[in-house]
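What Swiss-Prot annotates here:
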type	residues	note
BINDING	T30, L31, G32, P33, K51, D87, G88, T89, T90, T91, G415, D495	ATP binding site
Amino acid sequence: MAAKEVVFGNDARVKMLAGVNILANAVKVTLGPKGRNVVLDKSFGSPLITKDGVSVAKEIELEDKFENMGAQMVKEVASKANDAAGDGTTTATVLAQAIVTEGLKAVAAGMNPMDLKRGIDKAVAAAVIELKNLSQDCADSKAIAQVGTISANSDESIGQIIATAMEKVGKEGVITVEEGQALENELDVVEGMQFDRGYLSPYFINKPETGSVELDHPFVLLVDKKISNIRELLPILEGLAKTGKPLLIVAEDVEGEALATLVVNNMRGIVKVAAVKAPGFGDRRKAMLQDVAILTGGTVIAEEIGLELEKATLEDLGTAKRVVITKDNTTIIDGNGEQAQIEARVSQIKQQIEESTSDYDKEKLQERMAKLAGGVAVIKVGAATEVEMKEKKARVEDALHATRAAVEEGVVPGGGVALVRVASKIADVEVANEDQKHGVVIALRAMEAPLRQIATNAGEEASVVANTVKNGSGNYGYNAGNDTYGDMLEMGILDPTKVTRSALQFAASIAGLMITTEAMVAELPKADAPDMGGMGGMGGMGGMM
């Protein structure tokens, strides 16, 4: 085991604070509408320009081991805030720096670190309750657009496109962000349930101009096995011929004689039919077939539950308003399943998402839920260059996380005002002694830090702005975008409650622990080995005969 270096007391805290400050100072220049960008060097490709706090924090690694420990702990604050709410990483970093700075001053003045931490924890617990009281629902499209705009660094086009996407696919729908090909942002919405399986034979195509199959008001047959014998399908096909309606078959596979007969019947116009493979594999396929069954009001024909294809009737089939099948995708629009059953299935999938530990499984479950609940929207980010594209895509992703958080827990006045108002309400929180009281004061001072930093980044005097806002009441705050004071909600400056709450909780949690540090241990830097001496030259070779 390598030798370790140990530093104690004030020496340890000074080193740790230096690391905290280096990281936080790099991150906090990005805060607010007039925050600046940070350029990150990449080992390959062009540098990345970003205004996202967590992206900056993740890049920072310091040479001094003890300073680096301080920086890494604040990096953890930003990462945790990002994981919980997807935004608010810069706010969390600013709060953590403020708590650590004030806390270490108090420790140096001889106060008890453990009591300081208890005081900070009590203040934060009270602040979280007050934030909930201050919070308002974010229900309408206008409020969603405002939250998106603020999170995307006051870019209204991003806020608007996210609000439109949410309106189209619902709050449970999936919205993904991709790099587009054009200069402008684009929104693609797939309504209904789409899965990535196309037609099994091009002879099913009935719209040659688009190369697709379109079925109006079709029956949907769902089978969890391969179909190779046409005899199994005859009862269903005979029943269908009488109704004159088209049929979509979704099965593990349709092959051989069965596929050939379906194609012939389709081309002769006896039965209008199309067949596709079931989506997914193994257990996921079974689950997705069941999703389609619930969406269309049908039954999955599976031998393991005692249902045979030969004995299936029209009662077992689902129905939909329309089905569109291309070479690669099948889309079922307006399935006729019962709304109550669909909602029950969605809440069952929600439960599975909460219990799942795998990110991949969560993503797949989220997709399934979206397809049942509303649809899938894709925002294609447009930009002139790759560097701008990456920067813009990161902002769109942040804005998307912020709007989701806003829909979940509501919104509070933005621009750092919510924390200032909360601080004024919890000043008299109950504590056991003077040191705990000072811990509360540290937390209250830290809650002003985001507002002060927004003002500083806008080129204003932080103390003047903070006092003006503190003397106001309710939603009154400072709009750094146009250098005016007024009602933040009316000006459309909103922060998601979840983002503000998460930032405060994670910052206080880690900063509180840092204040209580008394010793730090790190590996000694290895001394460089001496260079190898140069090799002696080779003697000249004699003349050759």
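Yeah, the Cβs are placed from backbone N, Cα and C, and that goes for glycine too.
Features per Swiss-Prot, on structure.
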residue : record           : DSSP class
T30     : ATP binding site : coil
K51     : ATP binding site : coil
G88     : ATP binding site : coil
G415    : ATP binding site : coil
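Among the binding-site residues T30, T90, the residue whose Cβ has the fewest other Cβ atoms within 10 Å is T30.
Within 10 Å of the C-beta atom of G415 (ATP binding site) sit 26 other C-beta atoms, taking all shown protein chains into account.
Within the group of binding-site residues (G32, G88), the Cβ with the highest number of other Cβ atoms inside 10 Å belongs to G88.
Within 10 Å of the C-beta of K51 (ATP binding site) we count 21 further C-beta atoms, all protein chains included. Within the set T30, L31, G32, P33, K51, D87, G88, T89, T90, T91, G415, D495 that the record links to ATP, no two Cα atoms are more than 17 Å apart, and one pair reaches that distance.
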